[in-house]
């Protein structure tokens, strides 16, 4: 191995990742997230007009005349219209459709969802709880799996770096959705949370594969330096990680191109997160080297 490429240039990877994480935090601070009705409660109505589609301003004015003053209206890529309102009863729902047909001609209802505010709040709580529990269980598993590896890095450090790697992989798609949610109306709902949980699984799997190879190489008790062992472990798992990631991304890209609006954003979140996960698994391993050197004041 002529050059320790990943280990030698680890500061470049740290700066690049640090920039992405910082940008994500800035986006969250200034723009926040745009929750869907899954979390806020309300009614979502997706419709398509068979005749000429009215412009957004005209449709908003009509809804205000019907006393739906807080309605949100936006167009879809397929030529439909999405209307978000406060929760409606079935009678109000039918009355709204009737009024729209009287004003704009025949209306085809493509989607209708109505969620109460209490259910939305409970979904938000359960989603955050699921993510928190998953991270805790992952940390416990890594502490146990690497308990026999104590030198030169103790097992608990593997667990901490795996969690940091997972955090890196979910904060970046969250930051991107925050930015585009503010400017283009991208929303986060239960599908987005499912995407984040999937990203966590992929991220931890990729990281553990590299860590496990590092553990195996360390247990061989060779005279190789820790830098060399980490570099060798990364290179030994590089092709496997690359092929797995590419295969997954090809499927997700197909969903993104040919899927509907909801599945398209779900696939996009996975594309971003899984790409970050493939990269961060090597980042976490080089962090082991940095931590070990810092511990011995070699930085």
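Even glycines carry a Cβ here, placed using N, Cα and C.
Check TrEMBL against the ranges 77-103, 158-184 and you find transmembrane segment recorded for 158-184.
Along the domain 'SSD' (127-291), the predicted structure has mean pLDDT 87. Only sequence-distant pairs (6 or more apart) were considered; of these, at least three Cβ pairs between the transmembrane segment (12-33) and the transmembrane segment (265-291) are under 8 A, so the stretches are in contact.
Highest Cβ pair count under 8 Å relative to the transmembrane segment (158-184), across stretches 128-146, 190-211, 242-259, 265-291: 265-291.
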